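Undergrad: Right, I'll just put the structure down here and ask away after.
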């Protein structure tokens, strides 16, 4: 049985060299098809980017990324990553729909769905904060003039425009990525062990506040095979069984959270050994069905004696164009692209209507040509060209021109 080997990394915090050293060690023994990094990537290109990243001045350092950005080092395996809450937003805001940040390294944008070698991967960058969910992000040019500092702790908060196209997805997702945890997963794993490692989570767990309520709703709706997260700097596994289509939150209090202007980075060490593991996925259902069980995995950040990297082995759809592609290209997802276009046309409705009252299935059917033949060549993500990562605006304009106009 054919399976893809996918390396999964928790928070990066600029430690690309260490991550790729471990990936290369494993890759030399048994090849790895793809590396996924689950946020706090910190794509800092120069000193100017520090004005847009939530890192105290005494901890600011360029990190390893600049060597990849300047083509001094090449990533050893294809890499995709999502944004977290410690990102160079001055950089990533130029790529709202994703794009190359270096050779072999692709940012997924605020949200996305792509295909790679027969695996369908969805993503959502940032973290949940209720008070910013219905707000628009400021314009990059306005921020560049004088406002980065004033907005440094809200630019990475998830917006309704980020997540709406994901709620409209009708066909199954193999792997879903988010930086913070869906807030219901904690009740489906070994909570006692989690509290041994992170006792200060107890109150949030009791109140149903450890994580994002909106991604928990999305998990119950999409029912992916895997949901992967980071953010809380601890390894945690859970298994969520899906008996019925459900949008219900976990059976805990979901009262509104008071705004905290002093968000801190959780950073308590655990006594667990740093090691890699392999997990085998179960045999799949047919393409259009959703999975009866979602396996959740959260990983730590890249530090000694932490569990920050693991290998998943996943069975691909060998009938899909992305599997058959001889150049092993990534492909944008037609359903997600269609949803983006619909959301753009209905942005006034989405901004004025309560989120939980939107009929996502009905909305997704507007202007949809069900059963149409797909020209997958039209959705192939262009191959990397030298220094394209340094022309972020051109990458974004090309995407908008191709799909959004």
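Here the Cβ of each residue, glycine as well, is placed from N, Cα and C on the backbone.
Pulled the feature table from Swiss-Prot, pasting it below:
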BINDING   11, 13, 233  divalent metal cation 1 binding site
BINDING   40, 85, 179, 231  divalent metal cation 2 binding site
COMPBIAS  264-274  compositional bias 'Acidic residues'
MOD_RES   269  phosphoserine
REGION    125-159  region 'Lariat recognition loop'
REGION    242-277  region 'Disordered'
Undergrad: What is the interatomic distance between the Cα atoms of residue 13 (divalent metal cation 1 binding site) and residue 179 (divalent metal cation 2 binding site), given in whole Å?
TA: 13
Undergrad: What Cα-Cα separation, expressed in whole Å, is found between residue 40 (divalent metal cation 2 binding site) and residue 233 (divalent metal cation 1 binding site)?
TA: 11
Undergrad: Measuring Cα to Cα, how far is residue 85 (divalent metal cation 2 binding site) from residue 233 (divalent metal cation 1 binding site) in Å?
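TA: Each residue's Cα considered, residue 85 (divalent metal cation 2 binding site) and residue 233 (divalent metal cation 1 binding site) end up 13 Å apart.
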Undergrad: Roughly how many Å separate the Cα of residue 179 (divalent metal cation 2 binding site) from that of residue 11 (divalent metal cation 1 binding site), to the nearest whole number?
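TA: If we compare the Cα positions of residue 179 (divalent metal cation 2 binding site) and residue 11 (divalent metal cation 1 binding site), the gap is 8 Å.
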Undergrad: Express the distance between the Cα positions of residue 11 (divalent metal cation 1 binding site) and residue 231 (divalent metal cation 2 binding site) as a whole number of Å.
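TA: With the alpha carbons as reference points, the distance is 6 Å.
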Undergrad: Can you give the mean pLDDT for the region 'Lariat recognition loop' (125-159), rounded to a whole number?
TA: 95
Undergrad: Please report the three-state DSSP label of residue 179 (divalent metal cation 2 binding site).
TA: coil
